[in-house]
Amino acid sequence: MAYPFQLGFQDATSPIMEELLHFHDHTLMIVFLISSLVLYIISSMLTTKLTHTSTMDAQEVETIWTILPAIILILIALPSLRILYMMDEINNPSLTVKTMGHQWYWSYEYTDYEDLTFDSYMIPTSDLKPGELRLLEVDNRVVLPMEMTIRMLISSEDVLHSWAVPSLGLKTDAIPGRLNQTTLVASRPGLYYGQCSEICGSNHSFMPIVLELVPLKYFEEWSASML
């Protein structure tokens, strides 16, 4: 979960988020090395008294500063494309959940069940119980089984929304008239919070998302109680 004054990412709860964290560290290291080299060159230019006014061309240098950036871009692009294809790959999901964005709440439908639908509204601050999180708690949580492939179908009834859960590495636009899909696989149980990540009106900040990931046995008990 997130912590006050946190600067980094939330702990990864899915294989995709773990890959994204590794890619972030990989890219950040490349950026750090390039920035260090640029600062070193600038400081050397400011402190040295040597000049090369007679130099008209330098084929070796031009070759290096053409090939080296290309290699660096390839080192960034290859792992990025790998993760992109992983995020779009959906193989035999065990469960499908349809998510619809509204101004300003979410509705969910478990399409594998005959009549398992509900709306999810934010709990007002005045109604919170001790220990509950302000602006993040909802009246109906999305209960899902852990360690299973879940397909999320996401759309909107009115304006643009975005369904995002940072610790799972999920952020999918909810667009009216279009059905987007994403895959969710949680590696451990727990409560995972997200919010609408697309400005959608005056109450945009009051559209939280709460996923409750539980073992399959407890999910079956919950789904039976909801029918």
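Counting begins at 1 with the first residue displayed.
Placed from the backbone N, Cα and C atoms, the Cβ positions cover glycine too.
Feature annotation from Swiss-Prot assigns topological domain 'Mitochondrial intermembrane' to 1-14, 88-227; the stated evidence is similarity to another entry. According to Swiss-Prot, the transmembrane segment annotation covers 15-45, 60-87. The topological domain 'Mitochondrial matrix' annotation in Swiss-Prot covers 46-59 and is backed by similarity to another entry. Residues or ranges marked as Cu cation A1 binding site in Swiss-Prot: His161, Cys196, Cys200, Met207. Here Swiss-Prot flags Cys196, Glu198, Cys200, His204 as Cu cation A2 binding site, drawing on similarity to another entry. Summarising the annotation, Swiss-Prot assigns Mg(2+) binding site to Glu198.
Residues 20-21, 24, 166-170, 184-188, 190-193, 213 of the same chain, all 6+ positions outside the topological domain 'Mitochondrial intermembrane' (1-14), place their C-beta atoms under 8 angstroms from a C-beta of that stretch. With the fewest other C-beta atoms within 10 Å around its C-beta, His204 stands out among the binding-site residues His161, His204.
Each residue in the topological domain 'Mitochondrial intermembrane' (88-227) gets a DSSP state, and the totals come to 21 helix, 61 strand, 58 coil. Within 10 Å of the Cβ of Met207 (Cu cation A1 binding site) there are 27 other Cβ atoms, across all protein chains. In this structure, Cys200 is the one among the binding-site residues Cys196, Cys200 with the smallest number of other Cβ atoms inside 10 Å of its Cβ. Averaged across the topological domain 'Mitochondrial matrix' (46-59), pLDDT for the predicted model comes to 74. Reported as a whole number, the C-alpha separation between Met207 (Cu cation A1 binding site) and Glu198 (Cu cation A2 binding site) equals 10 Å. Cα of His204 (Cu cation A2 binding site) to Cα of His161 (Cu cation A1 binding site): a span of 9 Å. Of all the Cβ atoms in the protein chains shown, 18 others lie within 10 Å of the Cβ of Glu198 (Cu cation A2 binding site).
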